[in-house]
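Here is what Swiss-Prot records for this protein:
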DOMAIN    61-165  domain 'THUMP'
BINDING   M183, L184, H208, F209, R265, G287, Q296  ATP binding site
Amino acid sequence: MKYDHLLVRYGELTLKGSNRKKFVNQLRNNVNKSLKGLDGFVVKGKRDRMYIELEDHADINEITYRLSKIFGIKSISPVLKVEKTIEAMSAAAIKFAQQFEENSTFKIDVKRADKNFPMDTYELQRELGGAILKHFDNISVNVKRPDHEIRVEVRLDAIYMYEEVVPGSGGLPVGTGGKTLLMLSGGIDSPVAGMEVMRRGVTIEAIHFHSPPFTSDQAKEKVIELTRILAERVGPIKLHIVPFTELQKQVNKVVHPRYTMTSTRRMMMRVADKLVHQIGALAIVNGENLGQVASQTLHSMYAINNVTSTPVLRPLLTYDKEEIIIKSKEIGTFETSIQPFEDCCTIFTPKNPVTEPNFDKVVQYESVFDFEEMINRAVENIETLEITSDYKTIKEQQTNQLINDFL
């Protein structure tokens, strides 16, 4: 079947009332960005849905795949745009039926957005079903459990006919909900947390704490790859890599061993808080899950949060670990997340970390050294990378450079 349009259904944009135009415009921009590099199509965004007009050479499968990854899109259907005559509709219905298997069953489903169309829903179903049955003697109607369902939408401008409905990612268009800073560790949880807030229309930049030589270049490349996977859905993402060795060593030098984990995370939050103000973000996002590890109890979260007045969003707070793993696999980050490269959260881990840290104690331990200068130095020396969906890792770049130098 040669389709001439893609019908794109909006997600929660239908609930946005007077703000809908803003959301539709943002979604159109996101669609154009996602489809960059492809040709043979024209994007037409309307108030209640979007149409992608296809030329003969358009790569419909690639376009549909990319659209399915965009937040704010509920579903996509390859459609035939048909004139508003029963003759044109019947001819299109027969085209669909030509693709059916022998002895298969079908159903006609009609929706009439144009209530002035001269035929009602039942009449259209009967006429189109009858046209198919007259043309083929080896297929039949089954309205309850059909093998095929030809869907017909009668709209003001034309008739749209289709069979397939490809699920989209739902949610809201990224860019409509402000900016946040994602604390990206390299584990399973934080990429999922990032994906969850992006699904609510939020733009993200990511921050990663790197502690060489205790953490390797492979750990850094792992985080770059996770960012690249997230960028496949939303376009380029800035990744801020913080040199954290000095701070982490100093924490382990002056803080009681049972409190080093709490204090380390407080230092991370202080660095993140400064960066939030530099980039104009409105919140910090992390992958914390209540009770999962010692640093993620309510007592720990209270002690860690206390260093910032910036809102901290925890999309995975109440998830089961298995739920997070399932989502990680769905979004394509799981296999990268489980690569066995240590991050700064796993080095210097005390044997018996405190699970209910006393806030006054952690402040007392940290008070013996003025960390502010180290924190400012870490922020000043942040390495910022812009990660795109086709970003090459450091190793790949070095290999390509060696090849070019050799040639």
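Backbone N, Cα and C define each Cβ position, glycine as well.
The highest number of surrounding Cβ atoms within 10 Å, among the binding-site residues H208, R265, is found at H208. Its Cβ placed at the centre, Q296 (ATP binding site) has 21 other Cβ atoms within 10 Å. Counted over all residue pairs in M183, L184, H208, F209, R265, G287, Q296, the record's binders of ATP, the longest Cα to Cα distance measures 18 angstrom. In the three-state DSSP reading, F209 (ATP binding site) counts as strand. The highest number of surrounding Cβ atoms within 10 Å, among the binding-site residues M183, L184, is found at L184. For F209 (ATP binding site), the Cβ neighbour count at a 10 Å cut-off comes to 28, with all displayed protein chains included. Its Cβ placed at the centre, G287 (ATP binding site) has 25 other Cβ atoms within 10 Å. For the recorded site, G287 (ATP binding site), the DSSP three-state label reads coil. In this structure, M183 (ATP binding site) is part of a beta strand by DSSP.
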